[in-house]
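Enquirer: Quick one: the structure is below, and I'll ask about it shortly.
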Amino acid sequence: MTAIQKPVVAKREAPKAEVNPTVSRSTQTETIKPTKERTVSVFSPPVFNFAANSFAQSVSNEYKHASPKRIKLDNSRVQVPSIVKPKQDKPRPPAIVTKPRVINIEFPNKQKSGFKLLIRPKHEPSIKKQKQGIEVLSTSNTKRITKSISVDDVEYVEKVKHAIKQVLPKPDYDDGSLGPVILRLAWHCCATYNKFTGNGGSNGSTMRFVPEITDDGNSGLDIARSALEPIKQKFPDITYSDLWTLAGKISIQEMGGPKIPWRCGRVDCIDDRYVPPNGRLPFAYKNANHIRETFGRMGFNDRETVSLLGAHGLGRCHKRFSGWEGKWTENPTSFSNDFYKVLLDEEWSLGTVPETGKEQYYNKDKSLIMLNTDIELIRDPHFLHFVKLYSQHQATFFQDFANAFGKLLELGIERDSNGNVLPKNEFY
């Protein structure tokens, strides 16, 4: 029989590398001759500097205390990097945002404060966990907050109230108080509620996320959030949604307004999946129909609507934020019915803000302003009735405002018989 010859398989040679003369290499064994330095030098182009250093270190550590003898080379542990041409990397897509972004805010007293802007990419999957029978939706870049302080923790609430009162006076900001802008924060975080869909409102503090934080109507509210952030850090058990609404209540009362009903227990959303769409806040340049539709969407009637708009007697417009400029009343840090009185008593003429081109109404000496939605309150006969009522009876205005604002703070919140907020699974 003819002998079958086995095919000759070419042996694959290991990549060569230059080594120190103190290391002599054969095909299968290696003789280590100890030297004072006990180092192995390996030639490598700059791109392989890290690999070469790692190889040299591994050989040095392997035979640091070895005596002169022949041992087998462990190729699985000691590998000499071959000299190859570096591959050209393909263009990579933009990196996914996986960490909270911190916005540094220049505060009026020249101090800087940080506010976390949490962003969850739309395509990032959620991680589902089980916690006490409730499905928990979590992401890698947010801290899960499942509940706020208890309704029975009166002492804790009082401490938070005291801390809020301390940040309100600000002599170098606007008219000397942060009360109006903090009230606006509380107002806007609630005014996204939609009674037809059931989403929006203060529960969840969704203004921490885009797109709500970038809504044009919320421009300038970073000042209020920044002022309250140290309180949140000092009292971590209270949620942002409870803190912001409580701060709105305290601001009204500290500026001489009525006592506002408020209860704790709101939760904070863990990501942006339940952020309402932008455009739900009232637009100041629109007409009475827009006002009625916007407030009607939240569940308010004409009387409640006019009473809530009386808060325009506080604070002022800033052209750097909204494009409008000026104050509504002579005492913008004092809660009263002056807004209605000024609206009826002054003569208003349409003008523009020179720097922005935005239209607004001025009184004769241009010391006070009104927006188009304000003027609509005296154009619409149904709204005008309540404007006249509140201009003549401040006590009635205070009572109606307290009821309407308390209702605003509770939009979208369900409670049990003990006052505890009933959890919504989508917030957890």
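The chain as shown is numbered from 1 upward.
Placement of Cβ uses the backbone N, Cα and C atoms for every residue, glycine included.
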Enquirer: Looking at the ranges 1-33, 199-231, 298-330, 331-363, which is given as region 'Disordered' in Swiss-Prot?
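Expert: The range carrying the region 'Disordered' annotation in Swiss-Prot is 1-33.
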Enquirer: Among all the protein chains here, how many other CB atoms are within 10 A of the CB of His188 (active site, proton acceptor)?
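Expert: Total other Cβ atoms inside 10 Å, all chains included: 22.
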Enquirer: Quick check for the class: what is the C-alpha distance, in angstrom and rounded, between Trp328 (active site, tryptophan radical intermediate) and Arg184 (site 'Transition state stabilizer')?
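Expert: One finds 15 Å between the Cα atoms of these residues.
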Enquirer: Going by DSSP, is Trp328 (active site, tryptophan radical intermediate) part of a helix, a strand, or coil?
Expert: coil
Enquirer: To the nearest Å, how far is the Cα of His188 (active site, proton acceptor) from the Cα of His312 (heme b binding site)?
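Expert: Roughly 13 Å, rounded to the nearest whole number.
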Enquirer: Fewest other C-beta atoms within 10 angstroms of its own C-beta: which of the recorded positions Arg184, His312 fits that?
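Expert: Each of the recorded positions Arg184, His312 was scored; lowest Cβ tally within 10 Å is Arg184.
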